[in-house]
Every structure is written in structure tokens, then in C-alpha cells.
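Have a look at the structure below, then the notes.
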Amino acid sequence: MSHKSPKDFFAPLAVGAPAPLREIPARPSRAIHFFDPSNPKMAAKVPAMVGTVDVLLGNLEDAVKADNKVAAREGLVKIASETDFGPTQLWTRINSLDSPWVLDDLITLVTEIGDKLDVVMVPKVQGPEDIHYVDRLLAQLEAKGGVQRPILIHAILETARGVANVEEIASASPRMQGISLGPADLAADRKMKTTRVGGGHPGYLVRQDPVDGDIHGQRTVFQQDLWHYTIAKMVDACAAAGIYPYYGPFGDITDVVAAEDQFRNAFLLGCVGTWSLHPKQIEIANRVFSPSVEDIKHARRVVAAMGDGTGAVMLDGKMEDDASLKQCLVLVDLAEELAAIDPKLKELYDAIEVD
Ligand SMILES: CCC(=O)SCCNC(=O)CCNC(=O)[C@H](O)C(C)(C)COP(=O)(O)OP(=O)(O)OC[C@H]1O[C@@H](n2cnc3c(N)ncnc32)[C@H](O)[C@@H]1OP(=O)(O)O
Ligand SMILES: O=CC(=O)O
Ligand SMILES: [Mg+2]
């Protein structure tokens with residue numbers, strides 16, 4: 001297998017295309033909010049959502065009816081052309097690479113609104129070859145459209161082969177911005193026996209041992225997380241490649257409690273954000289993917305107690321050292337990035353008093 005040398009990795013893949021980035025910017029993306037640009041009611045809500053959500057994503061793939069694919073593409077061009085997105089990123093999810101729509105999706109979007117598009121989400125990615133295809137095509141279209149900065153790529157992890165290849169996918173191109181878990185397609189592809197869009201299943205459990213040998217007696221049941229393995233594998237692949245991991249869709253829109261739990265598990269495991277399918281999921285994601293006041297208060301106390309950052313100290317009966325300091329700095333740095341774009345959070349974090 002031939003590998004590119006580092007100098008080739010960072011050369012544009014088409015004459016006239018912008019140079020690839022050497023580092024993916026850490027732009028807040030707590031909620032990637034999906035809307036169908038062919039749905040007039042949803043489209044009408046988009047301009048007012050600017051500034052309330054980190055990412056607005058015009059979805060062209062699943063959940064858009066086949067008859068509306070062209071209207072969705074054209075609707076996205078119209079919304080992007082007419083809207084000032086300010087601090088909010090604009091992403092799109094293109095149709096799958098084997099579909100009859102994807103070539104026109106990319107040609108139209110990059111040449112007509114390429115300068116407004118931050119990230120292209122690619123569904124059903126199987127391996128690095130899919131990223132290489134989109135990488136070259138984007139470069140050709142950026143050159144054709146005179147796009148000034150590289151459009152980044154985000155892969156959805158939603159096939160068994162994709163999961164097997166996740167490390168190669170994560171490092172397939174300097175355009176790789178991140179990866180999201182796609183639990184619905186992944187479940188189908190793996191032939192899992194579930195029918196939900198993300199979340200848990202009451203049948204996937206661990207049961208307490210029988211008390212006094214009574215197998216029919218009262219025994220506590222602990223529901224397990226169906227997605228733990230895949231999210232952890234995805235987080236490691238992304239962290240190793242210097243890109244960002246995300247949870248994906250949570251389809252039970254009414255169950256805001258379970259959505260919050262699923263999002264928080266992903267946050268604690270290392271994800272930076274999640275998808276939002278309905279306006280009511282945005283507030284949950286923004287809250288869960290922002291460090292809490294308690295976390296920041298503790299993290300700042302550890303930073304203060306650790307002085308030059310080396311050695312070991314006791315704080316509230318617990319040992320803190322270089323490694324726990326690094327964990328605290330993850331939270332402090334994230335809080336600073338979020339405060340820079342979210343005035344309410346800035347006020348909250350600025351008001352924290354460290355004793
Ligand atoms: C499963 C794997 C995947 O691929 S998940 C990603 C693909 N799926 C999606 O993108 C789904 C996006 N969301 C939706 O289509 C809708 O939210 C669904 C779930 C169908 C619910 O819609 P609906 O029954 O209209 O909800 P509702 O009556 O509570 O809506 C209230 C008002 O809000 C609007 N709304 C709804 N969803 C969005 C959205 N995502 N973005 C912007 N606006 C949205 C509705 O149009 C409705 O507006 P109005 O008050 O009637 O003017
Ligand atoms: O596209 C997302 C999924 O869960 O499938
Ligand atoms: Mg999918």
C-alpha cells in the first residue's frame with residue numbers, strides 16, 4: 001500500500017484550490033441542528049435560529065423525500081445566499097456516494113455557496129477511499145467556484161465496515177473535521193435487533209445475582225448502553241487524528257430526559273457535540289456539552305493549587321497531580337472557547353469565585 005508523504009498530504013488536490021488546513025479549528029459545535037431545506041415551515045425558522053445554535057445543517061439525505069431532493073438542494077442554496085450566519089456554522093449532509101443525487105449536490109453547493117459552507121457531512125462512509133473521493137472532488141469544485149478556504153469533511157459512522165475502518169477514515173485527509181455516530185443505519189447494517197433511532201433498549205441489560213438462590217425473586221436490573229463500544233472506539237480514532245467526535249440522532253423527540261442522558265454519556269466519553277433533530281433538542285445539547293459551573297469551579301481550584309503544574313497536592317482529601325490537572329485544563333479550555341461565542345455562558349463562568 002502506498003502512503004502520501006507529509007508534504008503531499010498538505011498540498012491542494014487541484015490547481016487553484018485553497019491550501020488544506022494543518023489543524024482543525026476548535027469551533028464550538030455542541031448542537032448540529034438538522035433542517036430539511038425543502039420544508040417551507042422549517043426553512044422559514046432557520047434565519048431566526050442563527051446565533052442560538054452552533055451549527056445549522058441543511059440535510060439533503062435520509063428524512064428528505066426522494067421527490068424533494070432537488071427542492072432541498074435548491075432551498076439550501078437560497079437560504080445560504082440570503083442569510084448572514086454570523087457566529088453560526090453552516091453545514092450540509094449530502095446524499096450517499098452511491099445515490100443518483102450526490103454529484104449534483106456537491107457541484108451545486110460548492111460552486112454556488114462554497115464560501116458559506118463550513119463542513120460537508122458524508123453519510124455511510126465505508127473506508128478512507130470514500131473520503132479520498134470527496135476530498136479530490138471538493139478541491140476541483142473549490143477551484144472551479146473560486147472558493148477561498150477549504151471546505152471540511154465530516155463522516156457518519158453508520159456501517160460495520162466504517163466502524164472497522166474508523167482510524168483510517170479519521171486520518172484520510174487534512175479536511176477531516178470530525179465523525180458522528182449514526183446509530184440508526186449502523187443498527188440496520190450490523191443487523192442489530194433494535195428499531196429505535198439511538199438511545200437504549202430495555203432488553204439490553206445486566207441482572208443482579210439471585211438473592212438466597214431465588215431466581216424468581218426481586219432482582220435489580222441495570223439497563224446497559226448499546227453504543228458504548230462504538231462511541232469509545234470513535235472517540236479514540238478522532239482524538240488520535242486531531243479531529244472531533246459527536247453523538248448523532250436521538251429519535252424520541254418527546255423523551256427529553258433520555259436524550260439528555262445519552263448526550264451526557266457522549267460528553268463524558270469525549271464527544272464535543274450531538275445532532276439536534278427538533279428545536280427542543282438544541283437547549284439540551286447546549287447545556288450538556290457546556291461544562292457545568294461546578295466542574296469549572298473545581299477545575300480552576302486544581303489549576304490554582306497546582307502552581308507550575310508539576311508535583312502532587314491534596315485538595316479536599318483527594319490527590320491531584322499533572323494528569324488530573326490536564327483533565328481540568330480540558331474543561332477550562334472548553335469553557336473559554338464557549339464563553340467567546342456565548343455571552344450568557346461567559347457571564348456564568350466569569351461569576352465563579354474560586355475559594
Ligand atoms: C435516523 C437517522 C437520521 O438520518 S436522523 C437525521 C434526519 N432527520 C431529520 O433531519 C429530522 C428533522 N426533524 C424533523 O423532520 C421534524 O422535527 C420531525 C421530527 C418530523 C417533527 O416535526 P413536527 O411534527 O413538525 O414537529 P413539531 O410540530 O413539534 O414542530 C413545531 C414547529 O417546529 C418546526 N420544526 C420541527 N422540526 C424542526 C427542525 N428540525 N428545524 C426547524 N424547525 C423545525 C415545525 O415545522 C413546526 O413549525 P410551525 O410551528 O408549524 O411553524
Ligand atoms: O444518519 C444517522 C443514522 O443514525 O443513521
Ligand atoms: Mg443514517
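The backbone N, Cα and C atoms fix where each Cβ goes, glycine too.
According to TrEMBL, the protein has these features:
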- R93, E158: substrate binding site (BINDING)
- E158, D185: Mg(2+) binding site (BINDING)
- 31-196: domain 'HpcH/HpaI aldolase/citrate lyase' (DOMAIN)
Subject >> Coarse DSSP state, helix versus strand versus coil, of D185 (Mg(2+) binding site) >> reply: helix
Subject >> Residue among binding-site residues E158, D185 with least C-beta crowding, 10 angstrom cut-off >> reply: D185
Original post:
Could you give the Cα-Cα distance between R93 (substrate binding site) and D185 (Mg(2+) binding site), in whole Å?
Top reply: 15
Subject >> Rounded Cα-Cα span from D185 (Mg(2+) binding site) to E158 (substrate binding site), Å >> reply: 5
Original post:
Across the domain 'HpcH/HpaI aldolase/citrate lyase' (31-196), what is the average pLDDT of the model, as a whole number?
Top reply: 98
Original post:
Within 10 Å of the Cβ of R93 (substrate binding site), how many other Cβ atoms can be counted across all chains shown?
Top reply: 25
Original post:
Where ligand 3 binds, which of the binding-site residues R93, E158, D185 are close by, with Cβ under 6 Å?
Top reply: E158, D185
Original post:
Listed binding-site residues: R93, E158, D185. Which have a CB under 6 angstroms from an atom of ligand 2?
Top reply: E158, D185
